[in-house]
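A.B. asks: Would you mind keeping the following structure in view while I ask a few things?
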Ligand SMILES: Nc1ncnc2c1ncn2[C@@H]1O[C@H](COP(=O)(O)OP(=O)(O)OP(=O)(O)O)[C@@H](O)[C@H]1O
């Protein structure tokens, strides 16, 4: 939650505007039912007559009304009406158009106007005792009194020779236009709120994506392994998408619902308090239903996310290993494995889907039953004169809006736990503490020579029990080639990864020109090194963009030089577009050897002080391997070369060879020295070279095993 708040904090302005627009939207939405009520009660039932005030009356009616009027009321009539040429008493236009004056006049005349309707049924004595008679009328409710008054005004108007139809049409038109206006404003606010909530979701999504991406870019191997690449991809895509969608939907609907529900309740309580219990029961039942559904589905939603991970994992594994699966004829097995995971996911989805499909009809039923109760009790109130038909209609609408508000709020809030699971997965990535730290105060190396020293270095992986490297001690000097050889899993790549600070040493230290690499900024350390990984990685773009990846604005001659040294020029020139030939994602449109050459050219283009090659030559044929190293040595004669290799022929001419055996140094020396001193080295050498070659190489005459007739390219 704290994390969510932090993400939302930066969006406070959008949230504020959204909430304000929701308040306006609820306000306008809640205005409509009372207009509908007026349309029925005034517009239809009372022919558009809003006030119990005669707009006009003939002399007879005036005479009949007079005995019911007090002295003061008679004076009021006299001042507000004038006599037209037919002798009718007509209300002044200005008063007719002024609601305040009409209301005041109505307050003044209502008693007489209401009693007038009843005058035929009232005994003469009661007629004379106006107060007592009026009290009898009020007992039926104010609505009843008002209706009687309006009926009097209406009949006076007719008797005076006017047609009330015009007034009714005018009233319906005005009210209708206002209602259309309100509806339009509501729609506009709604569209605006939709737009804002989408922006809000998209902003938070973008924020999370860039925070995750930035974080992952700083991850060391340890953190990558902790999450796995597949999971990191799901977290940056699917999980963030889930959070983004929930935020957009929640702020669009759920944030609006309380305003609608509370506003509706206010109107309900203001109209008919006595019937509020029906609504309370309805809302209670809706809440009970939703709580029950949540209890049923929520645990399943948690499972869905995990099952989704599983399906993702299998899908990724299958897609990346498609060739192997086909080669080993394991399609059937993989299909079954995928189907199992997929069916589990489908089963869980079906369960939640079925439960959710119940929600609509059940809630509609509850709402309908509530409406029936409202109509039942309202009918009694209408009969007793305390309520009008239009009021009942408005009451039903308000009640439905209240229930709907609660429903939307609860229904949409059900999405939150799901989104929180996703948000938590994203938070884990963003809040992971990175094991490789920048130094507090970095040392800046100048005039770097490139002397790399491993000083009694040991290293244990986080999740491993045994150390992968123990007491590694050697120095690689500029102008020299240091080779590292050893069996699979002996720790060769780990040594290079420690030098790149993909991991930090557990014990001992690694220095460059005597400075601990942990004191150098990561930027400077990695700028000093040209790294060629074991598996060449290319990026989508062109050949030129891949070679120039580590350098800004690489000049054309530099680009060509790097390609020449890496022996990539020939195949580049063979392409119609040359250096501008496209490279597809992951370099899938070039061969393994070509990929490796481009990867080597990329390191050379950086012109670094230290080169590290992690078994980078094994994808090259023997000839190219030899020639490339020869040219490289000539061209970058001042640099420190560290080469990890599996092939003895690759390292025969190295100035020093470090033999690794199960994470320990078994021997350091030249080829000839090691043949003498290291049994491990001898074993590797004898497994790869013939007796003859061994004898030759031990005479330090490696050139004799060179391929004949091969010329290195001229640089
Ligand atoms: N992320 C890891 N977590 C735990 N152990 C690891 C991890 N990566 C490598 N190891 C272990 O560390 C040891 C050294 O691995 P490393 O990759 O350095 O060997 P290598 O000599 O480069 O092997 P190869 O020649 O096959 O590439 C191995 O025993 C390996 O199982």
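Here, residue 1 is simply the first one shown, and the rest follow in order.
Keep in mind that glycine also has a Cβ here, set from the backbone N, Cα and C atoms.
Marked as compositional bias 'Polar residues' by TrEMBL: 690-700. If you look up TrEMBL, you'll see 178-418 marked as domain 'ABC transmembrane type-1'. The annotation domain 'ABC transporter' is assigned in TrEMBL to 452-687. Annotation source TrEMBL lists region 'Disordered' at 690-715. Taken from TrEMBL, the feature transmembrane segment applies to 172-196, 249-269, 275-296, 358-380, 392-412.
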A.B. asks: Spell out yes or no: are there three or more C-beta pairs under 8 angstroms between the transmembrane segment (275-296) and the transmembrane segment (392-412), with each pair 6 or more apart in sequence?
C.D. replies: yes
A.B. asks: Which of 172-196, 358-380, 392-412 shares the most C-beta pairs under 8 angstroms with the transmembrane segment (249-269)?
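C.D. replies: Most Cβ pairs under 8 Å with the transmembrane segment (249-269) come from 392-412.
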A.B. asks: Average pLDDT across the domain 'ABC transporter' (452-687)?
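C.D. replies: 89, rounded to a whole number.
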